[in-house]
C-alpha cells in the first residue's frame, strides 16, 4: 500500500498515518536557518550601531548629544507602521515569500552599507529611516510563514530556534566588531565605517539564499513530495481545523480588537524593553565597567550565549509539556533580578563590576526566553491566516516599540548610573507580569465557559469556538 493510500485509510479510521518520511526535519533545515537570519539582521542592526558608537561614530559624524538616541528611534517609526501592511501583501495569493523577503533584504543590505559611506549625520538618519521600512517586512513575514508550517505542539521549539538567530545577531556583531575594529584606517576609512559596510555585505549575501531556498506557503509548497505535502496539510487541518487562508471577505474588526493579540503584544513590548536596553547599551556599559573597547566587545558574547541557551531549553520543555505561561513568568523573574541589581548600583554607586556583569546574564536569559514563548503562545490561540498575519505583525511591530522608550530613558548625562533607564526598565518588566496573569485568567475563563457549554449542548472545536492554550 502506497503512502497516499495509507494516509486516506488512516483518515477514514480517525487516526493520522505515520509520515511517509521525516519531512519535519527537512522543513526545519529549510525554514529555520534562512528565516532566522531575517531576525538576526534586525538584532545585528541594533547592535552594530552600538558597537560603531564605541569605535567613534558620534565623533566621526559630529553628532549632537542626543544624536545617537535619535538614530535609534527614527528607525522604529516606519518599522512599526509598515509591519501589518507588509504581512497583508505577503499573504496575497500571487506574492511569493522568497521574492518578497529576498528583495527587501537585498535593498536593506545596500542601504546598510551606505551607513558606513555617509559623511553626514543627516545622511545616517536617512539611511536609518529607510532601513526601518525594509526591515519591517522581514521578522513579521518570517514569523507568519513559520507559523503556517507547524502544529501548536511543534511551534514553541521552532520559534525558540527562530529567535535564537536574533540572539546570534549581537553575538556575531560582537565578534565582527572585535575583528573589524582592526581595519581602522584601511582605504582611509575609520573602523566604525567598516562595521556597517561588512555587515551590509553579509545581508546582501543572505538575500540571494532567501531568493533560492525560502519556500511558498504549505498549500503551495514545492519542497515536499506529494505524499509529504498531503500528510502535512492533513496534520495541520487536524491541529487547527479548516482555516481560512484567503484574505478576502475577512472580518477585520474582531481580529484587530482580539485580546489574544493585544495582550501578547503588550507582554512582548515589556520584555523587549530589556532586549532593547541590552542590545543598545551593553557595549557601552561594559566599557564603563572598566574594560577597554576591545575587551568589552568580547565580554558581551557570553551574555548572548546565555540568552539562546535559556531560549532553546524553554522551547523544548514547553513543547514537551504543552505549557506556555509558566515559562514566561520565569523569564520575567530573571529579567526582574537583573533590573533590581542595576537599580541597587544606581542608588548605592558602589556595586562590584562582577555583580553588574551577572545582571546582564539574568536579563538576557529572561528576555529572550519570553520573546520566543510569547509569539508561539499567541499563534497557538489564533485561527485563520488573516488573524495570524495581523498577530505576528503587531507583536513584532508594536511589540518592538519598547525601543522608543529604551532609546530615550538611557540619558547620556546620567551615565553610568542611568537612574531613569533602570527604574523604567524594572517598571515595564513588572507590568509584563501583570499582562501575563491577566492573559492567563482570560484564557482560563474562556475554557471554563466553553466546557460548561459543551457539557450542556455538546459541540466540538471549530474556527470560531475552540479551547485556548496556556
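Using N, Cα and C of the backbone, Cβ positions are placed for all residues, glycine too.
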| transmembrane segment per TrEMBL - which of 14-34, 35-55, 98-118 | 98-118
| For the transmembrane segment (386-406), which partner among 67-86, 159-180, 301-318, 325-345, 357-379 gives the most CB pairs under 8 Å? | 67-86
| field | Recorded stretch that, among 67-86, 98-118, 301-318, 357-379, has the most CB pairs under 8 Å to the transmembrane segment (325-345) | value | 357-379
| note | Beyond a gap of at least 6 residues from its ends, the CB atoms lying under 8 Å from the transmembrane segment (192-214) belong to 30-31, 34-35, 37-38, 41, 44, 48, 51-53, 55-57, 60, 97-99, 101-103, 105-106, 108-117, 145, 173, 176-177, 180-181, 183-184, 186
| query | What average pLDDT is reported by the model for the domain 'Major facilitator superfamily (MFS) profile' (31-451)? | reply | 89
